[in-house]
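What follows is one structure encoded as structure tokens, with my remarks underneath.
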Amino acid sequence: MIQVLLVTICLAAFPYQGSSIILESGNVNDYEVVYARKVTALPKGAVQPKYEDTMQYELKVNGEPVVLHLEKNKQLFSKDYSETHYSPDGREITTYPPVEDHCYYHGRIENDADSTASISACNGLKGHFKLQGETYFIEPLKLPNSEAHAVFKYENVEKEDEVPKMCGVTQTNWESDEPIKKASQLVVTAEQQRYNHYKYIELVILADYRMVTKNNGDLGKIRTKIYEIVNILNEIFRYLYIRIALVGIEIWSNADLSNVTLSADDTLASFGTWRGTVLLKRKSHDNAQLLTAIDFDGQTIGIANIASMCNQNKSVGVVMDYSPINLVVAVIMAHEMGHNLGINHDTGSCSCGGYSCIMAPEISDQPSKLFSNCSKQAYQRYINYYKPQCILNEPLRTDIVSPPVCGNELLEMGEECDCGSPRNCRDPCCDAATCKLHSWVECESGECCDQCRFKGAGTECRAARSECDIAESCTGQSADCPTDDFKRNGQPCLHNYGYCYNGNCPIMYHQCYALFGSNATVAEDGCFEFNENGDKYFYCRKQSGVNIPCAQEDVKCGRLFCHTKKHPCDYKYSEDPDYGMVDNGTKCADGKVCSNGHCVDVATAY
């Protein structure tokens with residue numbers, strides 16, 4: 001018999017108004033105090049693991065009771081996970097620590113379908129959860145003989161008043177610089193577009209010597225930070241059907257093994273070369289990210305090679321340890337890995353339902369865990385075009401568990417599924433006794449799969465995102481939603497204020513809204529004449545690194561000008577050459593759209 005015991009958090013809901021406290025996450029000026037008491041729920045007589053597979057907590061947030069459900073992230077580590085550091089005389093020291101009974105969880109809030117959670121339960125509860133659309137952080141208070149925790153919002157963490165930080169990627173596209181009609185002519189098969197089937201990235205994270213000195217030589221603190229970051233990465237990338245397996249970390253505890261300089265570009269190039277010539281020879285993996293404590297020149301906090309996943313010297317990124325809040329660093333790393341997966345920076349016409357999206361070139365006031373519609377489309381195109389083999393297939397498990405053991409919840413050679421023991425199996429498609437799919441199973445996952453069977457023909461599987469898009473429906477013969485299609489490019493939309501372009505209706509008003517907020521409108525025509533200057537800020541396009549001035553008829557296809565409370569000719573500029581420019585496909589005159597810095601007839605543009 002299973003003895004079910006509640007896990008309770010008793011809350012004293014009294015925010016310390018006007019006071020502040022120094023936590024690992026920084027100086028917090030408004031928080032609530034939570035007292036946690038945990039009791040396990042196990043079969044009678046069972047050996048209690050240090051950290052249970054599932055846990056439940058009851059707590060109050062803003063005086064309202066909530067129930068937090070947590071489930072251990074069993075796919076966080078690969079079974080051949082290793083850790084490497086270096087002795088003072090430079091000797092490589094590699095260990096293979098046991099990681100099965102780890103303390104990193106994902107979760108949700110009961111009765112809140114949009115909720116998420118990423119929590120470390122190693123020493124109290126540390127992490128974040130999303131409740132009713134708002135993100136809260138929880139962290140243990142360092143009080144003697146106390147189980148007190150602080151609950152607070154990101155906005156209550158004091159931040160330095162500094163210029164906005166940016167991604168250092170300036171390459172605008174991994175595809176050829178062809179006319180914009182190329183995107184509308186993409187043709188992919190149903191098999192090629194199976195981007196919604198899970199991919200697996202085997203990740204190695206390296207910490208440079210500055211990370212060691214920043215943390216006073218405490219390698220355990222660096223390891224914990226990396227674990228929490230990767231746990232968050234898994235939460236983020238599941239929306240792209242990607243799982244991140246940490247196969248190793250390496251800490252340059254004695255000296256940097258590649259050049260880490262103030263130049264982010266040089267650091268990336270050196271790290272990529274070292275990864276391809278040294279690291280890959282001793283540790284199999286798909287992607288490597290360098291976590292550094294250096295403060296790069298300019299506004300850069302991260303950089304990566306675009307469309308480079310699986311490439312020997314280029315499947316890398318460099319991320320600055322910009323914040324003590326691990327969610328912020330994880331979002332930066334997710335951004336750079338997004339570039340590795342062929343995703344470019346978001347423009348004004350991209351949206352994710354939040355204030356900002358992961359691939360925004362400038363770090364947001366509120367860290368976002370959401371990829372935009374543009375990011376999802378770019379990732380799908382990349383998968384279809386490049387077919388990066390190292391992530392298309394689930395990693396072989398021969399190096400993880402051998403021989404295969406049915407019932408251990410690991411999919412191994414010879415198994416079609418593995419949902420655990422017959423008592424614990426929750427997968428209706430899987431026969432837990434044999435680790436084979438039931439004979440009647442038609443599918444396991446996909447937008448057109450429900451309870452192991454294909455959804456009926458005509459069932460909508462992808463809603464139209466705009467009047468320029470087309471809703472897709474299941475065929476009844478496949479688990480996959482048909483290829484994302486959209487209305488003909490150049491068709492008028494939004495009451496003739498714009499023309500359809502790849503399923504969207506890009507107009508300047510929406511782009512101003514995205515850049516400056518709801519009070520912004522499109523500036524007067526005279527503002528756009530600045531684009532004839534061809535200087536650092538105002539131009540139509542770049543050619544061989546040179547800013548090309550706009551011809552008079554093209555001025556509305558260069559820098560975007562918006563009327564704001566601050567200025568009638570307001571604009572945005574950053575190191576990213578696309579940021580703040582008028583989006584391709586935007587109406588620039590009656591019957592004309594922007595195409596690579598030119599205002600051309602809509603009939604010839606597509």
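In case you wondered, yes, glycine gets a Cβ from its N, Cα and C as well.
Taking a C-beta cut-off of under 8 angstroms and a sequence separation of 6 or more, Asn259 (N-linked glycosylation site) has the following same-chain neighbours: Asp266, Thr267, Ser270. Annotation source Swiss-Prot lists N-linked glycosylation site at Asn259 (among others).
For Cys310 (disulfide bond), the count of additional Cβ atoms within 10 Å of its Cβ stands at 17 [all protein chains shown]. DSSP gives Cys310 (disulfide bond) a coil state; it is part of no helix or strand. Residues or ranges marked as disulfide bond in Swiss-Prot: Cys310-Cys390 (among others).
The feature N-linked glycosylation site is assigned by Swiss-Prot to Asn313 (among others), with sequence analysis given as support. In sequence order, Gly272, Thr273, Arg275, Gly276, Thr277 are the residues of the chain that are 6 or more apart from Asn313 (N-linked glycosylation site) and have a CB within less than 8 Å of its CB.
Glu336 (active site) carries a helical DSSP state (H, G or I). Look at Swiss-Prot and you will find Glu336 tagged as active site, backed by sequence analysis.
According to Swiss-Prot, the feature disulfide bond maps to Cys352-Cys357 (among others), an assignment based on similarity to another entry. Annotation for Cys357 (disulfide bond): spatial neighbours Asp346, Cys350, Ser351, Ser368, Leu370, Phe371, Ser372, Ser375, criterion Cβ-Cβ under 8 Å with sequence separation of six or more.
Sequence annotations record features per position, and here Swiss-Prot assigns N-linked glycosylation site to Asn373 (among others) based on sequence analysis. Of all Cβ atoms in the shown protein chains, 19 besides its own fall within 10 Å of the Cβ of Asn373 (N-linked glycosylation site). In the three-state DSSP assignment, the secondary structure recorded for Asn373 (N-linked glycosylation site) is helix.
Feature annotation from Swiss-Prot assigns domain 'Disintegrin' to 403-489; the stated evidence is sequence analysis.
Mapped onto three states, the DSSP output places Val405 (Ca(2+) 2 binding site) in coil. Swiss-Prot lists Val405, Asn408, Leu410, Glu412, Glu415, Asp418 with the feature Ca(2+) 2 binding site, giving similarity to another entry as the kind of evidence.
Per Swiss-Prot, disulfide bond is recorded for Cys406-Cys435 (among others). Counting only same-chain residues at least 6 apart in sequence, those with a Cβ under 8 Å from the Cβ of Cys435 (disulfide bond) are Pro404, Cys406, Gly407, Glu415, Glu416, Cys417, Asp418. In the three-state DSSP scheme, Cys435 (disulfide bond) falls into the coil class.
According to DSSP, Cys417 (disulfide bond) is assigned to coil rather than to any helix or strand. Taken from Swiss-Prot, the feature disulfide bond applies to Cys417-Cys430 (among others).
Look at Cys425 (disulfide bond): DSSP puts it in coil. Within the same chain, the residues at least 6 positions away from Cys425 (disulfide bond) whose Cβ sits under 8 Å from its Cβ are Cys419, Ala432, listed in sequence order. The disulfide bond annotation in Swiss-Prot covers Cys419-Cys425 (among others).
The DSSP secondary structure for Cys449 (disulfide bond) is strand. Taking the Cβ of Cys449 (disulfide bond) as centre and 10 Å as the limit, one finds 20 other Cβ atoms among all the protein chains shown. If you look up Swiss-Prot, you'll see Cys443-Cys449 (among others) marked as disulfide bond.
Counting only same-chain residues at least 6 apart in sequence, those with a Cβ under 8 Å from the Cβ of Cys474 (disulfide bond) are Glu447, Cys448, Phe454, Lys455, Gly456, Ala457, Gly458, Thr459, Glu460, Cys461, Cys481, Pro482. According to Swiss-Prot, the feature disulfide bond maps to Cys448-Cys474 (among others).
Per Swiss-Prot, disulfide bond is recorded for Cys468-Cys500 (among others), and the stated evidence type is similarity to another entry. The local packing around Cys500 (disulfide bond), expressed as other Cβ atoms within 10 Å of its Cβ over all shown chains, amounts to 26. Taken residue by residue with DSSP, Cys500 (disulfide bond) is part of neither helix nor strand, so it is coil.
Long-range neighbours of Glu472 (Ca(2+) 3 binding site) (same chain, six or more residues apart, CB within less than 8 Å of its CB): Glu460, Cys461, Arg462, Cys481, Pro482, Thr483, Asp484, Asp485. The Ca(2+) 3 binding site annotation in Swiss-Prot covers Asp469, Glu472, Asp484, and the record cites similarity to another entry as its basis.
Marked as disulfide bond by Swiss-Prot on the basis of similarity to another entry: Cys493-Cys505 (among others). DSSP assigns Cys505 (disulfide bond) to coil, not to a helix or a strand. Around the Cβ of Cys505 (disulfide bond), the number of neighbouring Cβ atoms within 10 Å comes to 23.
Residues Arg462, Ala464, Arg465, Ile470, Ala471, Thr483, Asp485, Phe486, Gly503 surround the recorded Ca(2+) 3 site, their Cβ atoms falling within 8 Å of the Cβ centroid of Asp469, Glu472, Asp484, which are themselves excluded. Note: the CA-CA distance between Cys468 (disulfide bond) and Cys493 (disulfide bond) rounds to 7 Å.
In three-state terms derived from DSSP, Cys357 (disulfide bond) belongs to neither a helical nor a strand segment and is classed as coil. Under the three-state DSSP scheme, Cys594 (disulfide bond) falls in the strand class. Distance from the CA of Cys569 (disulfide bond) to the CA of Asn584 (N-linked glycosylation site) is 21 Å. In this structure, the CA atom of Cys562 (disulfide bond) is 22 Å away from the CA atom of Cys500 (disulfide bond).
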